[in-house]
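Step one of this worksheet: look at the structure below.
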Amino acid sequence: CLTFQLACCCGTDACSLCCMCCPKIKQSTSTRFMYALYFILVTIICCIMMSTTVANEMKTHIPFYKEVCKGIQAGEMCEKLVGYSAVYKVCFGMACFFFLFFLFTIKINSSKSCRAYIHNGFWLMKLILLAAMCSGAFFIPDQDTFLNAWRYVGATGGFLFIAIQLILLVEFAHKWNKNWTAGANHKQMWNGLLALVTLILYSIAVAALVLMALFYTHAKGCMYNKVLIGVNGGLCLFVSLVAISPCVQNRQPHSGLLQSGVISCYVMYLTFSALSSKPPETILDENNQNITICIPEFSQGLHRDENLVTGLGTTILFGCILYSCLTSTTRASSEALRGIYATPETEVARCCFCCVPDGDANAEEHAEKRGGQTVIYDEKKATVYSYAYFHFVFFLASLYVMMTVTHWFHYESAEIEKFFTGTWSTFWIKMVSCWVCVCLYLATLIAPLCCPNREFSV
């Protein structure tokens, strides 16, 4: 509700007075939610700036449109506020906002410090600061040089964001297998669950491989698709064999088919996503007419309503980005990126192994209810997540959004309505991500063999 959003601008205490019907919320969760809200707001603005439909509707329905554009010095028809260059500038402001807070929150271990209070409050001032940074980017001198340089910074940050997600996916697979294997030492039920989930994962991967071979290949073409489907299917088989090989099992008893099953499913997903992002091929049929191949016939009808497909697809995509940001900013994830993992002795097997059980929560949690929503102050003793790492991930996500919305290296013809039109840059980025994911997983399996005197804990 609007009242909730306005109250949250004043801080956690005001937010607690807002709504009695709202469930109780942790202070750390509400803080991350507010930063995510800022991220969503700027992302929506970027999508609007890339939409020719919205621009035309504004020209038609807004009275004195030309006068307004001239008044804000955005060009005669507000051409400075649309297109890839405008998105680059807005995302530059958002990236600077999160990078500033990354530097500001380095080495904060206590929520009682002055810097922690600023991180967890002053929302209205932060919103003004974010708006000022996004607006100020439009006044940077020598725009051409800025855009050319910022494009490479954005590509580097976008690739790093993808790499972090791939590392955490591999860590997730190892953590899942280790947790359930720890339960198998006490109850045979966990062995059954391991076998069942592994079978399901490989069934999904094989089914996906067969369906892609049926729908994304053609007898007279689609050579790229045929080769890549075969290569990626072979890689999945190869990592599965390596995971259960005797030499790997001797060094890593927790290695198994569950991890390789997770990786195989993700590889198949990336392969499907890449093939669906590739420009379609055309050939001449027996009547000398051009026909489109390498994409499913039924998908051509689904893309007729471009506005519906674009709106739904964009929402799902950026929902996934936001989910990745929030799930990868826990303290466990930030420690995993530095090679710090829980020891097997501390593992407690549970179905929802990603969730921290109540007994592991902060002992100093304190709930206060001041006439409205109950707020749990779960950081009385120490911070429950890394503030600096949180902002750094959102900094990289800002760059990833910038590159994704502008079609990466096909920015000059980018439009949000053509978001799902295939481009070679998007295709190769997804395909390379697929291979990097396989290499990262193989590295976790082979590293103990290459460095036998070093202790690895994955």
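Every residue, even glycine, has its Cβ placed from backbone N, Cα and C.
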Next item on the list: Scan 308-326, 346-364 against TrEMBL and say which stretch is down as transmembrane segment.
Entry: 308-326
Check: Which stretch from 33-55, 86-106, 118-140, 429-451 shares the most C-beta pairs under 8 Å with the transmembrane segment (223-244)?
Finding: 429-451
Next item on the list: May I ask for the residues of the chain that lie six or more residues beyond the transmembrane segment (429-451) and have a Cβ under 8 Å from a Cβ within it?
Entry: 159, 162-163, 166-167, 169-170, 173-174, 228, 232, 235, 239, 242-243, 247-248, 251-252, 255, 259-260, 263, 266-267, 270-271, 273-274, 277, 408, 458
Notebook entry, point to check: Counting Cβ pairs under 8 Å to the transmembrane segment (86-106), which of 118-140, 193-217, 256-275, 387-409 comes out on top?
Noted result: 387-409
